[in-house]
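First up is the structure itself, then whatever we jot down about it.
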């Protein structure tokens with residue numbers, strides 16, 4: 001006898017959809033969002049925290065997509081690499097880190113150069129300037145005299161023109177410590193692409209590896225000149241400041257701790273079978289990354305991954321249930337790698353579908369992005385009736401919010417709201433349950449206190465709405481179910497497990513946000529199990 005179609009639990013992550021009461025420069029409040037407005041007023045909802053200590057970051061530190069999806073999938077507050085590495089800098093254990101000490105010794109023995117590559121920013125999302133300064137202190141202790149710094153400017157997780165202040169602070173630290181020189185400057189648009197736009201990576205790669213003379217300007221002077229031409233930090237073209245190309249026998253430390261935007265440049269610098277663009281592989285090359293960017297990379301790792309056991313995807317798979325993940329290119333690693341606690345490979349019964357993001361320079365040129373195709377894919381998966389858990393990410397609020405273009409962000413929000421309506425129809429047809437939330441804020445705050453475009457994330461809370469269909473038009477429980485206040489992203493996985501009627505493992509320290517005294521569970525839910 002054929003199994004009955006499954007009534008899925010669907011987690012919809014509206015990336016960058018924060019909550020802020022003021023409507024000024026608030027793309028979410030200014031957009032026409034009839035679907036979300038109806039859900040917010042008609043169904044159980046609450047606000048949850050996505051920043052600072054609530055997600056394993058320092059107090060007051062804005063959340064981000066990597067951190068958000070880690071916490072969402074893990075069902076616990078995950079101590080973040082930012083804190084882990086900052087502690088190592090502060091307590092001086094960085095100076096004894098085996099991978100870092102060894103590469104310094106190799107460079108010293110070969111009398112070659114040590115290159116430090118990474119985002120020069122105090123944004124705390126991909127890196128932190130204090131970590132770079134800690135590496136300079138390490139180089140001094142290891143008596144290195146050829147330390148080349150390849151600055152990547154931010155302008156995305158910080159104000160658009162904050163780079164000059166970060167570089168000035170770096171130049172001051174170089175002078176104080178007595179080690180290092182800035183040899184290149186590049187905006188993250190080029191050096192940290194993650195969407196396989198290899199022409200961008202190649203521009204940074206060529207500047208890093210080719211012998212080109214500087215023109216006598218300092219790094220701050222170069223940045224000022226770009227500002228004069230209305231080119232902000234993110235888009236600074238790769239520029240040689242001083243001699244110091246990466247050559248055979250050198251050592252490289254990539255000090256970004258977040259993997260997704262560091263991988264492509266590392267592939268180009270280290271992988272023998274790299275095919276993104278034509279280049280001659282530099283060998284030998286000692287290479288250390290702060291964290292594990294990709295297990296396939298032929299590099300040493302300074303801070304090995306933390307093992308996360310009994311995360312949501314693992315629990316669902318162990319119960320023999322099927323699950324589905326989909327997102328477009330920009331957020332695909334987040335619903336797979338990060339949601340699975342840093343594991344590349346899917347769990348048994350976990351299917352995935354990647355949707356290509358539009359090939360545009362910046363997403364304000366295409367604010368709809370690929371949301372419609374993501375929705376088509378998700379609806380098809382839901383209506384197959386075989387998946388107990390479906391995880392979907394809509395990238396628009398975050399990726400368009402990062403451009404600082406308010407009108408485009410409003411269009412992005414309206415696109416996602418329309419897609420939600422279609423998605424809810426499919427979920428209703430299957431009698432499923434949907435949880436709608438976000439990983440962090442962004443699009444609700446589009447200008448800073450001075451009225452300038454704000455392109456970074458926020459520390460604002462995000463919505464959580466739960467809607468359970470019972471064979472009607474998504475009526476749900478209405479007022480019969482409450483959602484607890486003061487929740488965190490870590491509480492989402494336990495909430496999903498409670499709806500699926502699966503036990504919460506002890507490693508999950510989050511709590512279900514469904515108030516127990518009001519909990520109503522459909523007793524006829526029929527999960528589809530994988531045959532063994």
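Glycine residues also receive a Cβ, built from the backbone N, Cα and C atoms like all the rest.
Under the DSSP three-state reduction, residue 15 (Mn(2+) 2 binding site) is assigned to coil, being neither helix nor strand. Residues or ranges marked as Mn(2+) 2 binding site by Swiss-Prot on the basis of sequence analysis: 15, 65, 439, 440.
Sequence annotations record features per position, and here Swiss-Prot assigns active site, phosphoserine intermediate to 65. In this structure, residue 65 (Mn(2+) 2 binding site) is part of a helix by DSSP. Counting every protein chain shown, 28 other Cβ atoms lie within 10 Å of the Cβ of residue 65 (Mn(2+) 2 binding site).
Cβ neighbour count for residue 194 (substrate binding site) (all protein chains, 10 Å cutoff from its Cβ): 17. Under DSSP, residue 194 (substrate binding site) is assigned to coil, being neither helix nor strand in the three-state scheme. Feature annotation from Swiss-Prot assigns substrate binding site to 126, 156, 157, 188, 194, 258, 259, 260, 261, 331.
Sequence-distant contacts of residue 457 (Mn(2+) 1 binding site), defined by Cβ-Cβ distance under 8 angstroms and a gap of at least six in the same chain, are 16, 62, 63, 64, 125, 157, 398, 440, 441, 442. Annotation source Swiss-Prot lists Mn(2+) 1 binding site at 398, 402, 457.
Local packing around the Cβ, expressed as the count of other Cβ atoms within 10 angstroms, is greatest for 398 among the binding-site residues 15, 157, 398. Nothing from the binding-site residues 15, 65, 402, 439 places its Cα within 10 Å of the Cα belonging to residue 126 (substrate binding site). Each residue contributes its Cα atom, and for residue 194 (substrate binding site) and residue 65 (Mn(2+) 2 binding site) these two points are 14 Å apart. If you compare Cα positions, residue 15 (Mn(2+) 2 binding site) sits closest to 402 out of the binding-site residues 259, 261, 402. In this structure, the binding-site residues 261, 440 were compared by how many other Cβ atoms lie within 10 Å of their Cβ, and the smallest count belongs to 261. Apart from 398, 402, 457, the Mn(2+) 1 site neighbourhood in this chain, defined by C-beta within 8 angstroms of the site C-beta centre, holds 15, 16, 64, 65, 156, 397, 399, 401, 440, 442, 443, 455, 456.
For residue 402 (Mn(2+) 1 binding site), the spatially nearest entry among the binding-site residues 65, 259, 261 is 65, judged by CA separation.
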